[in-house]
Every structure is written in C-alpha cells, then in structure tokens.
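The structure appears below as structure tokens.
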Amino acid sequence: MQLERGERVCLVGRNGSGKSTLLKVVSGDITPDEGEIRFPPSAHVARLTQEVPLGTSGPVFQVIAEGLGDTAPLLAKYHQISQALASDPSEERLAELERVQHQLEASGGWDARNKVETVISRLGLPAEAEFSALSGGLKRRVLLGQALVREPDLLLLDEPTNHLDIEAIRWLEEFLLSYGGTLLFITHDRMFLQKLATRIVELDRGQLSSWPGDYNTYLQRKEAQLEAEANQQALFDKKLAQEEAWIRQGIKARRTRNEGRVRALKAMREERRQRRELTGKANIQLQDADRSGKLVCEAIDISHSYDGRPLIKDFSTTIMRGDKIGIVGPNGAGKTTLLNILLGRLTPEQGSVRLGTKLEIAYFDQMRGALQENATVADNVGEGSEKVVVNGKPKHIMGYLQDFLFPPERARTPVKALSGGERNRLLLAKLFTQPANVLVMDEPTNDLDIETLDLLEELLIDYAGTLLIVSHDRTFLNNVVTSTLAFEGEGRVNEYVGGYDDWLRQKPVAAAPKPSKKGPAPTTEKPKPVTERKAKLGYKEQRELDALPQQIETLEAELSDLHQLLADDKLYREGTEAITSAQARLAETEQALEDAYARWEALEARRN
C-alpha cells in the first residue's frame, strides 16, 4: 500500500479483519512480522485510536494543546492564568499573564490557541474539565481534538465519528475536506465515507486491494469483481471435479504420457486448498412477539430539566404501533432522557405519559452494561444454557452465534477480548433472543462493519413492531426511520416526517417547525416573512390568497388520512413498496402544507 500526499483513503473491511492493527503498523505502534514502513524524512504522523491511552491527565484544554508540541506548555500556562484571574485579579497575576503573552507572541502561539479553542468549541468539549473524570466517549472526543490540532503530514483516524453528534460530524467533514495533509481513516459512517474518501483500500481475507474513487463507485466495482470471481471459481471447481473423476476411474494414469496430467491435478488441489474463501454473512433474525396495542405511547405537554437546565419543554407526541422514530440532537441535549420518559422508565417533571397495552420492550444498551466482561461470548447470550429459543424453536448456542459471525473458537472468548464491532454484534445477538414488539436502540451502529450495518437496516425496515432509535448515523436514519424527533435548543423538541435529509429539508428558516404529529404549528409562532414590502396585492395574488384556506383545509384532511393509513397494520402487510409510497406521499403533503401556510402568511402580511 502506498499513500500519496493529499489523499483521503478509507480502509474498509469486516470487523476483526485487521483494520485497526494495520493503522497501528502504519503509525509505528506495532512492528510488522515482515516488510517495512517507509516515510519521507521529517514526516509527522498523528493517530486517533479506539482505545484511550493510559496515563493521559490534566484539563481538557491542556490535553488538546499537547498536540501542538513545544507550544503546548506555554499555551496551557496562559490558559491556566487566564482562568485564575477570575478569582484572583492581583497585580502579580496580571504581570505573569503579560509575560506569558509576550512569549506566545514571539513563538506564534496565538494561532495555535485559536486552533485549540475552535476544536474545543466545535467538538462540544468542556475546556476546564479534568480528562480522567470524563466518560469514555468524551475522552475519545478530546483525543480526536488533540490529533486535529497537530495538523500532521499523515493523519490516522479510527472511527472518528463515534461519540460525536451530527453537528460535530458535519464540522469534522468540512475540516478534513480542507485539511492539506494525507488522511487514512476507518469509519462505519457511510455518509462521512462518501463525502471524504478519494480512494478505498479494502482489507479482505488477508489481502489489500485499492479502489480509486468514492465509496459508491467502490460498491459497484466490488459487486462486479465478486461476480467475476464466483464465475471463475465455478469453472475451476468444475474442471477439478472432472480431473478427480478421471483419476478415480482407474485409468492408467501413471503412464508416462499421463504424468503431466497427474501433476496438474495435484497443483489444482493445492490451488483449491489455498483459495481465500469469502467469510459468511451474518444471519440476523428478530424474535416474533404478540402484537402490541395500536397505541404505544401518548405524551402530553411533558417538560423535564437537569440541574435547572430545560431538556424538554412542552412536548407532545403520539407513537402508534409500527412507527419507526429517530431521535437526534447534540450530545447532552436529553435524547436518552426523552427515550426513558416515553417508555415509562422516568417520570417527567410536568405533563403525562400514557403507555399502550401488551408492550414487550427490548433495549439495546448504549453503555453496553448488559455484557459481562469476564464471561465468554456464549455465556453472555446463553446465560449458561447450551440452547437459546428463537421464534419458539430451540437452537444450539454455537449455531446461533455463528449467525452473528462468531465461530466456535470466538464464541468461547471472554468479552473483554472483543473488538468494538464484535461487542456490538454480541449485544445484537443477546437482544434478539428476546421476543419484542418494541425495539429501543441507543446508538446501535457504533463500530459495526458496513456489511452488518446494511443487514441490520434491512431487518429493521421489515420489522413489524415499533422502533425507537437514538443515532447520529445519518444514512441509517434516512434508510430506517419514518419520523424524526429533533432537539433544536432551549428544550424545544420538534417532530418531522422522514429521516435525516427530510429533517434538513423540512426545517424552514422563515417558519418555525411543527412540534408534533397533531397538525401544523400555529401560525402565530411563525416568524414574520423576510420581505418588508408593503405593496398591495395584485389581482392574481388576491385570488391566490382567497384560495389558500380551502387548499390548506384539503391538505390537512389528506394529511389526516395518510396518518390513519400509516397507523393501520394492514398497510404493513402489503410490503415495503406500499409503505415507502405512503411515506413519500406523507412527506410531500407535509411539505405542501408547510409551503401553503408560509405563502398564506406572507400574502396576509403584505395585505395588512
């Protein structure tokens, strides 16, 4: 593998294929068994790891500033004095600050300080917090910031979007697009991958292959290559079978004239033995459960705060059987809190929540607390039993785990030895032994390889139950959810039809978004139109204004019919195409209603 200056290369492959190990080899943290790694003289390399290195300590500002090298101690000292001045504005402190300022000016440290503060702001980090007291996710964000401020010649990033919210991911994309060095990264975030990668390097069955172009181009070419490989192997296997039949027929194969054919057969046998077999695909199935009642959850005017800060303010929603709800927002906004309130695990400070009947809820745990670190993979799922029950039928634990790509030797491995992606697959295996008509998934996509992610998406799209997902994976949200609850600041939670892209499209600048499914937002909450013209309406505009109330009424009736259609379980027996069509009509009608209200208000404002 060779990396050129300015390239942005994404390393793809199955969980456990060795991607993180290869990054460690490139960075020099691991010495390869054979071969060598060569860099240009004085090349600078920085790496973000999946694991948090031991021994890192100090305030967040200081840890990130350490990425700047020699300037770091001076910058950390300046920041420390600046903070101390708030409580001790003495002459001595001011003089000390002035001395450090002069030193920073002499060394060009102000630009470095701006870099650190920008990264801290964009990644949503607490500058004064002690690194050792942070959660694992926050620690990784701090280390990402440290790697970014270094601006090395080669930047190695292992799953950089994990634990970032959507706004931070979008900022990181823009930062890396303008980054002048070479980037080698691993990610499961397909939108991030598609936007950034200029080349794909695949690690497949121990071999590296290079695919110029973006991710979508790679997928098309890879599919064609696998098809050609399968055809070639089929022809080879047919020829080998013919030769094996010939040697068994007792023909005088050992005659001199046939010795070449015998040698060729031996060579074919060796080639077949050395063939790199494709790893099997995960075979994920959900446990069937009795249908829940039509109503899953009704929340009315709920509000909740944390340490005096409003997380949720006057939010109402109704969740019906079969709804697939995505919850998005900044880290710490209250997404998991909302999830717990909607499921009755937490009582809101104000408002009420009514749960439906016959709910069987299965939780995918963001903190992975459901896994016992010292127990084996098999014991975590089977809990000591050799069999699990899947859809009413007993299945051996080893066979069940192989469906999740855990061969027997891996199934006997302690959880503490698993990679991040393997842990998530294990959690899915554990989750799907439970019959459920409501699935609750908090960041289910972290560390999953893309192939398993695609399979999980297909499973959830066809899932007949109700789905609640907290996720920052934009492609996953686009493909799976039917509506999105978005945290939009100061406790506002608004609901939109569709996934991530639909949310961006429906979130108007000149009009406030609707707070819930119950109808369009009151027009009094919409900001005034941007235009300030007071000219009277023309004839056509007056006729348009006269017709708008009836148009809005028609759209509202159509919207109500579509909501009833999507709440009817008959639709979900008609298949994915019917559901997709209904969802598309709902999105179009919702947008048309938004546009009609905005136009009506603009014309009314001009008339008045």
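Note: Cβ is positioned from N, Cα and C throughout, glycine not excepted.
Small disclaimer: the values here were computed from a predicted structure and weren't measured.
Listed in TrEMBL:
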- 1-230: domain 'ABC transporter' (DOMAIN)
- Gly13, Arg14, Asn15, Gly16, Ser17, Gly18, Lys19, Ser20: ATP 1 binding site (BINDING)
- 284-515: domain 'ABC transporter' (DOMAIN)
- Gly329, Pro330, Asn331, Gly332, Ala333, Gly334, Lys335, Thr336: ATP 2 binding site (BINDING)
- 510-533: region 'Disordered' (REGION)
- 510-522: compositional bias 'Low complexity' (COMPBIAS)
- 545-606: coiled coil (COILED)
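Here the features listed in TrEMBL are painted onto the structure.
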| residue | record | DSSP class |
| --- | --- | --- |
| Gly13 | ATP 1 binding site | coil |
| Gly18 | ATP 1 binding site | coil |
| Gly329 | ATP 2 binding site | coil |
| Lys335 | ATP 2 binding site | helix |
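Sequence-ordered, the extra residues of this chain that approach the ATP 1 site, with Cβ no more than 8 Å from the Cβ center of Gly13, Arg14, Asn15, Gly16, Ser17, Gly18, Lys19, Ser20, are Thr21, Leu203, Ser419, Gly421, Asp449.
Residue pair Lys335 (ATP 2 binding site) / Arg14 (ATP 1 binding site) shows a Cα separation of 30 Å. Annotation for Ala333 (ATP 2 binding site): spatial neighbours Asp165, Leu311, Phe487, criterion Cβ-Cβ under 8 Å with sequence separation of six or more. The Cβ of Arg14 has fewer other Cβ atoms within 10 Å than any other of the binding-site residues Arg14, Lys19, Lys335. Gly16 (ATP 1 binding site) is 33 Å away from Gly334 (ATP 2 binding site) when you measure Cα to Cα. Same-chain residues with CB within 8 A of the center of the Gly329, Pro330, Asn331, Gly332, Ala333, Gly334, Lys335, Thr336 CB atoms, the ATP 2 site residues themselves not counted, are Asp165, Leu311, Thr337, Phe487. A distance of 26 Å separates the Cα atom of Asn15 (ATP 1 binding site) from that of Asn331 (ATP 2 binding site). A 10 Å cutoff on Cβ-Cβ distances gives Gly16 (ATP 1 binding site) a total of 18 other Cβ atoms nearby, all chains included. Cβ packing within 10 Å was compared across the binding-site residues Asn15, Ser20, Thr336, and the lowest neighbour count falls to Thr336. Taking Cβ-Cβ distances under 8 Å and a sequence gap of 6 or more within the same chain, the neighbours of Gly329 (ATP 2 binding site) are Asp165, Lys335, Ala486, Phe487, Glu488, Val493. Within 10 Å of the C-beta atom of Gly18 (ATP 1 binding site) sit 15 other C-beta atoms, taking all shown protein chains into account. When each of the binding-site residues Gly13, Gly332 is scored by how many other Cβ atoms sit within 10 Å of its Cβ, Gly332 comes out lowest.
Regional average pLDDT for the coiled coil (545-606) in the model is 77. Just so you know, of the binding-site residues Pro330, Gly334, the Cβ with the fewest other Cβ atoms around it within 10 Å is the one at Pro330.
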